[in-house]
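The domain 'Ig-like' annotation in TrEMBL covers 35-123, 308-395, 862-952, 1070-1158. Sequence annotations record features per position, and here TrEMBL assigns domain 'Fibronectin type-III' to 564-659, 664-755, 758-859, 957-1050.
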Amino acid sequence: IYFLILTVAIKKRSRVPGVMITQYVENIPAGKSTPDFSQKPISVTVQEGKKAVFKAVVTGEPAPTVTWGRNRNTDSYSHCNLSMAMILFYQIPDVKSDHADTFKCFATNEYGKAICTALLNVSEVYLCLVNVHLCTTKNKSYNIFTSLTTSASSVIPRKKQLPKKKNGEIDPKLWELLLSAPRKDYEKICIDYGVYDFRWMLKRLKQLKKEREDEQAKRLDNVKQIEVKPNGKAEFELDMTLKDPNSTINLYKDGMMVLYGTDETSKHCLKQKGTKYVFTINDPQPEDAGFYQVDVEEVNTFSPLLVPEVEFIAQLKDVKAFEGEDAIFQCVLSTPLNRITWSTTDTSLENGDKYEITVSEDKLIHTLKVKDCAMADSRVYYAIAGIASSSATLTVEDRGVQFVSGLSDTVANTGEKAELSCKLSSETTEGRWYKDGKLVGWLFYSLKLFLIKSFICSNIEDPPKIDNDALGKFSEPVIVRAGENAEWKLPFSGGAPMSVQWYKDDEDLLPGLNVKIETSDTGSQLRLSKCQRKDMGEIKIKLKNEFGTIEATSKLIVLDKPTPPQGPVKILESAITSVEFKWKPPKDDGGSPITNYIVERQQVGRNKWSNKAEIPADNTSYKDSEVDPGRRYCYRIKAKNAEGVSDHLETEDIQAGVLRYPGPPSAPKVVSAFKDCINLAWSPPCDDGGSKIIGYNLEKHKKGTNYWSLVNQGGPITVKDVIEGAAYEFRVAAINLSGAGEPSIPCDTVFARDPMKPPGKVIDLKLTSSNYTTFSLAWTKPTEVKGVEDEAQGYYVEIRPIESLEWTRCNVNPITPTSFTVLGLKAMAMYWVRVIATNYGGDGEPQGFDNYIIAMPPPVKPKFKDRNMKSFVVVRSGNTVRLNINFEASPLPEIIWLKDGLPVPKHVTITNSDVGSQFLIPTAERSDTGIYTIIVKNIAGQETFNVEIRVTDDPKPPGPVELEQNVSGTVTLSWTPSPDEKRDDRLHYMVEKRDSFKRTWRTVADNLFNNKCTVINILPGREYSFRVFAKNDIGLSAPSESPVWGTKKDRVKFKVDMPEPKVLDFQSAPSFLVPLKRRMAPQGYECYMSCAIKGDPAPRVTWYRDNISLNTNTNYYITNVCGVCSLLILRVGPKDNGEYKIVIQNPLGTAESSMMLNVRGTV
């Protein structure tokens, strides 16, 4: 009997790079798992004679079996397996040079196997690796190696001898010994070298080991694949400069010297090309993988060459493709690889325009696409991965003669020419033409783009047609009057069936009450009844059959009377003797031009309308001069054309004008001034008084006189009646149909003299003061130079921000003072400033500063304002800490807060302003205790202030109190410290005492910083109680009380002589402690009267006004509280004037007090 056993080998990816997992079964039971490495062994480099240790952490369920091996032999060394965490150690106690190898760790259980490798380097020095470049020229199925590379210089010196120990330093040899020695020998080695701080030694040693492991791990991360290609050679090259050209170069493989030659036929060849040395292995085999090293006296470099384990699960398959198509090769790997090598027999293939190389997301499926295949692409293609390869053949076939472009359907009209054409891939080919399956003829191609032509109709068509004369007649517009009918007729021809559709303004016309359509095979008619202006528009007919479409258009014009003129009516004038108004033309002129407008008038209050005028169509305004002042009129306007008169537009009531004068014009402006004349200009008034302005009255006033004289009625602009050198003011009044209105305000004083010359530059311009928003300027008036520079009459101040190119004037009108303050500046902004002198002759040249001005006050060294700032603050834990520090400084200072010399924590909120800084801790904790420093500094200096903040809480009470008597008459108290004593260095204790005689607590000691206190003056025969408080900056803790302490005393009988008691009589006649006082209350307010009385027994109280008892009057509120008697009047009135009296009486007598109440505001 034979059994067939099937096994499954599924490759899996580990979470740890460099670990290969093979799964034996398809489905793993719940709770079970394949082996894996959560920490794989790392490559190590040790000195010869030292101990090498590999460490690994293995996982898996069931627990896997772990074995170790190496590439070259299977020597066994000691290893330790800690089963709880599956931590494995593999040790080689005495490392030799032949131990340098690649070690493998295998973890196996019944569900799978995990493998990882680590490299052991044996050397007397630490090496840095050079960049190794492997050149490949020919493909083999097993020649892919991995090279460990780092970036370094090409020439690396050996490690120098350790420096000698200096005085006060630790011998460097100590660390070399500790790194390779077992932990149990650490103490002995340190004592030999005089090191006794073992805790520091262990920390430093751990740091050195971590640095070495990181360096080794960094080297492992820089691996790259080296590909050996089909010419049977593997190469790598290095740059190397020899100090001595005669130096000997040795080549080692796994520590064994390899003989090499310079002949390319040698197995191992080393050739020099300038400063580059090329190492070649001819016909490399798997056994050539190993650790290669090049030694040149004091310099060496090495490179491990490993063979990755990978297989092809799916091989490449042969592909056939036609010319111009794409060919695709695809393979599947057993192990994920980032890339594999694609090549032909003699060339490596790279991703580009011709070839497209892609990899799937799981790195298992690799694809090569050969684009736009040609006959030259027929060859063998290779996929190389590790020591495995796969090949396939691409065959490109010729398609033969084909149609590049075929025939297409053709439509032609009867009697027209039809053309059919096609294009072939071959230039010389016979062709046959068929019609409905029957041979038509033979043609032969002689040109590549030759067109085959045949005059054969494939279809005969009869599209719609319209006679040109009928079309011209139909296109003429149809003109009708409103209410008349409009008709259109159009004959046509064409193949049936024929579709006819009428449109008006692109909307379908359907038969209806006013629309009638009649259609036959040879024509169609449209009739529109009772046309109106709204029916105007474009009329269109559309004819359509299976062979085509044709359209014809016409227009409909409907004539009618115009629509009313448009409002609103605008009143142009409402004067005493005339009314003028204006309107807009009609919106629709009825299709005929407007000939004129008819205006009718009605006086308000009467029913008769009278025809006033007919106005030509080009005038849309009317002026009625036959009106009475103050009367109201209504007007109707009608439009007229050849078809009739429109409906009317009626105005609102228009009142004829009354005497209403215009408002004042603007103040006259001096255009120019000379010694014999002055030219003026002004703007008309805003209010014309309801009628047109017909002129102006111009008046002048000579300075020094008290009257205004009329210059010229009607408003001249040039005034010639002036005296040279005299000063004048002018004002103007507007005149309408009612008369002259109010005059304007006078113009500025103007002198009758010839034009002035512009002034010169201002003198001694300086900055007098400044702050963050303003600065003040001062200058001296420019010097007057006769005939060149006249006197300045005013000044302009201009500023320009340093980032801008435009000047801005700070004053709209010239100022006469020689100082000015510029407002609205930006803090710390930089400005250019200049001053311009001006007069009637114009502006002079500007005078500015040589440098820009900064908007800031003069520099002021920071200074704290509060003299009584707290330097010590106590805060309860959990509360808020808030400090407000006020200062003054210029420019704005930089503010820094520190805690114990370091930046404050992130939970501290700092809010700064121009004049202060706020420090805030929202919820304070004990860790916030410390000394906080605020530093305020600017260009003028700096200032600091320290605040100690102590965050604490109510202290916890001390422990039990014990009492002891060492000396008679004293007691010594001792207690356990409070738990807060270690956290609060300011915590102290307070002791209180109470004896059985006084029964009150008294402090006997305070500010105790120890846990013991001796109390004196302890009397015999009394019992004493003591209690101890813990005390800090917040307050006291709960007390810790002692047991009662007492001493015995012989008791003596105590006798007290009691005096005889005396009987006291407290009765007294009633009297006033505080009598009533005179009052004066305002009317409507409340009034309150009070007095204080005494008497025993308590006297009876009665209030009177003008000798009438008030005790039962509800208008008064009367009280008597503990001898204070009061009377309240809620609202005082005239009736409350008079004498108020209070009478008190008891059996021993009577007393009274009175006052006068006067109510203010009464007679």
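Each position is counted from 1, following the chain as shown.
Using the three backbone atoms N, Cα and C, a Cβ is placed for every residue, glycine included.
Since we're looking at a predicted model, the values are computed, not measured.
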So, by DSSP, how many helix, strand and coil residues make up the domain 'Ig-like' (308-395)?
3 helix, 44 strand, 41 coil
Number of helical, extended and coil residues in the domain 'Fibronectin type-III' (664-755), per DSSP:
0 helix, 41 strand, 51 coil
Based on DSSP, tally up the residues of the domain 'Ig-like' (35-123) by helix, strand and coil.
3 helix, 54 strand, 32 coil
Grab the pLDDT values for the domain 'Fibronectin type-III' (564-659) and give me their mean, rounded.
88
Counts by DSSP class (helix H/G/I, strand E/B, coil) across the domain 'Fibronectin type-III' (957-1050):
3 helix, 42 strand, 49 coil
With DSSP as the yardstick, break the domain 'Fibronectin type-III' (758-859) down into helix, strand and coil residue counts.
0 helix, 47 strand, 55 coil
Helix, strand, coil: count each for the residues of the domain 'Fibronectin type-III' (564-659), based on DSSP.
0 helix, 50 strand, 46 coil
